[in-house]
Structures are given as structure tokens and as C-alpha cells.
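Worksheet: one structure, shown below.
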Amino acid sequence: MGTLPWLLAFFILGLQAWDTPTIVSRKEWGARPLACRALLTLPVAYIITDQLPGMQCQQQSVCSQMLRGLQSHSVYTIGWCDVAYNFLVGDDGRVYEGVGWNIQGLHTQGYNNISLGIAFFGNKIGSSPSPAALSAAEGLISYAIQKGHLSPRYIQPLLLKEETCLDPQHPVMPRKVCPNIIKRSAWEARETHCPKMNLPAKYVIIIHTAGTSCTVSTDCQTVVRNIQSFHMDTRNFCDIGYHFLVGQDGGVYEGVGWHIQGSHTYGFNDIALGIAFIGYFVEKPPNAAALEAAQDLIQCAVVEGYLTPNYLLMGHSDVVNILSPGQALYNIISTWPHFKH
């Protein structure tokens, strides 16, 4: 499919309008309380634009009703913490607050922590957004630059999303190659010399650490360091048992990394990547930031050749008589690609 003509609008607009755009707040459109917690680091460098079909509206009351339905679908059907976008632009020419300026969206895996996601909605299927909607989006972007939310040299990647794929029931999730991985040196890992992996790995095993969770990077680094000490000093492992650990801050922490065997699952340590979510997830699953980070890491492993493309994904409890990864987390990973019970 060729690039939609309006998608290029923001490359050529002068962006001289510095007036504050009219933004319909979450309270005004009747949103449920915001449950997302992963923060954006501002200013972001990217803008991602989507168009949502099947939500036709030309009045604020109707557009608000459409957004309430979208939020319900996002939370209760897909399992996200809220709507996927930072802002949504109605064909009525109004900007509607999604998760806002400071919270990461869930619109485009690999870009959520470095971009603002803006979705157009309300226009007839097959038609471009109205001039009023494009003008509102232009004003929003100008304001974002003025207030320091968006870099003046921002990039709008051409991800070439098909309109037919933008239905919220079937979102397209383009990814960049790899997430940012917090290295061993950052969390002050002890130096070790352990056996090498047999790469590419054939399996991914999802685990939970069953201890304290963390939502701030400094806290996660402390938890990872303590896990390494426990594994080495109490359980006599060669190193921390996991290849990577994922925090509720959305961070991926290098355990033994790609090339070293883990100590997570007897019989699989040399052929499986062990990815551990930091925390206890029997009743409540990890947050969206953590789940996305893990999925990005798996995709990264395939792209970089550390994991065979026809890999199998399993929960820890599928191969060991253990609670890990917890039923709440297990219920989610059982819907992921390549899952095998």
C-alpha cells in the first residue's frame, strides 16, 4: 500500500501556529481512571500517526461515546491499561486526551517509550481526515514542540500501516529491532565465568522471580543484584539464573545475556532463553510496559540470530512443577506467538 497523502502532512506544514490547542480532557469525554504508569522521557523524538476506522462521529458527544467504547475494548478485551494513544484527533476538529503527555502509549511496540502516538478517528471509512482534524493535529504538534514534549527535529517514521489493519481489534505492532538493555555493569554484577549457550536457542521460557517487584530503575537494579547474590551464594549457581530480567519500569536487565547458559530450568539451560519478570504474578499480571519489553526482547532475539525463528515459547510451569511464572502471567503468555503448552 502507498503512503496515505495526509500522512506526509506534518513533514511539509510550517508549524507556525503556537496557539494552545483545544484539548477535550479525559474527564470531559468520560474516561475511566488512568491505570498506566510507565512514564515518557521528554522531549520524545518521534511521532506515530494512526487512523482508526469504524468510529465515525462529527460531534463531541458522539466522539466521546466512541472513545469510551474504545477504552473499554482496550482495557477489558485486549488487556491494556488504557487506550493506546497519547492523543486522538476527531473528525470534528477536536483533540481528545488519551494517556496524555507524560505516559507511554501502547500504539507501536518498539516506539512507545520514545514517541507520541496520535490517532485520527471519526471520518468515513476510505476517506482522509477532515481539514479541521489535520489543522487540530498541526496545532497539537506545534504546542508539543513549544512546551518541550516533542523535539523540534522530530521524526515521523513511515511504518506503512494498512488502514484495514488499524481496527483496534487487530492492531498492527511494528517493532524496532531491540529494546534498550540495561547492562550488567549498570547493576554492578559480579564477574563470573560460566558455560556457553548453544545458539541459536530453540525455546523461550517465561519465569517470575517470585520476590519483590520494582517500578523504578534504581530499585530494579538493586533487586537484580540481590538475586545474583542469592543465586550464587545460597543456591551455588555460577551466576544469576536468568538470561534477562524485566522490571515493571519497562526495563530489560541483562542477566547472563545471550551467550551464557542460564540456571533456570534443568534440561533446557543450554538451549532456552530464560526471561524472568521481576515480581510475583499469581493473581495480578505484570504491567503493560513490562509485557511489551519482554515481547520486544523476544523479537530482538530472533532478528539478531540468538533465537531460531521457529522457536517454542513456554511457561516455567510447563517444564517444571512450580508456580512460576504465576497464573496471571501464564494466562497472558499463552496468547503470545509460538506458545506451546
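For all residues, glycine too, the Cβ spot is worked out from N, Cα and C.
Here is what Swiss-Prot says about this protein:
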type	residues	note
SIGNAL	1-17	signal peptide
DOMAIN	77-179	domain 'N-acetylmuramoyl-L-alanine amidase 1'
CARBOHYD	N113	N-linked glycosylation site
DISULFID	C178-C300	disulfide bond
DISULFID	C194-C238	disulfide bond
DOMAIN	200-325	domain 'N-acetylmuramoyl-L-alanine amidase 2'
DISULFID	C214-C220	disulfide bond
BINDING	H231, R235, Y242	peptidoglycan binding site
REGION	264-269	region 'Interaction with murein'
Taking C220, C238 as the disulfide-bonded residues to compare, which has the smallest set of other Cβ atoms within 10 Å?
C238
Close in space but at least six residues away in sequence, with Cβ under 8 Å from that of C178 (disulfide bond), the same-chain residues are D296, L297, C300, V303, E304
Sorted by position, what residues of the same chain at least six away from Y242 (peptidoglycan binding site) have a C-beta under 8 A from it?
I207, T209, I227, G255, V256, G262, H264, G274, I275, A276
CB neighbours within 10 A of H231 (peptidoglycan binding site), counting all protein chains shown, number 19
Under 8 Å by Cβ from R235 (peptidoglycan binding site), same chain, sequence gap 6 or more
G241, S263
Between N113 (N-linked glycosylation site) and C214 (disulfide bond): CA-CA distance (Å):
18
Students should find that the Cα atoms of C238 (disulfide bond) and N113 (N-linked glycosylation site) sit apart, in Å rounded to an integer, by 34
Here's one to test understanding: among the recorded positions N113, C220, H231, whose C-alpha is closest in space to the C-alpha of C194 (disulfide bond)?
H231
By the count of other Cβ atoms within 10 Å, pick out the sparsest of the disulfide-bonded residues C194, C214, C300.
C194
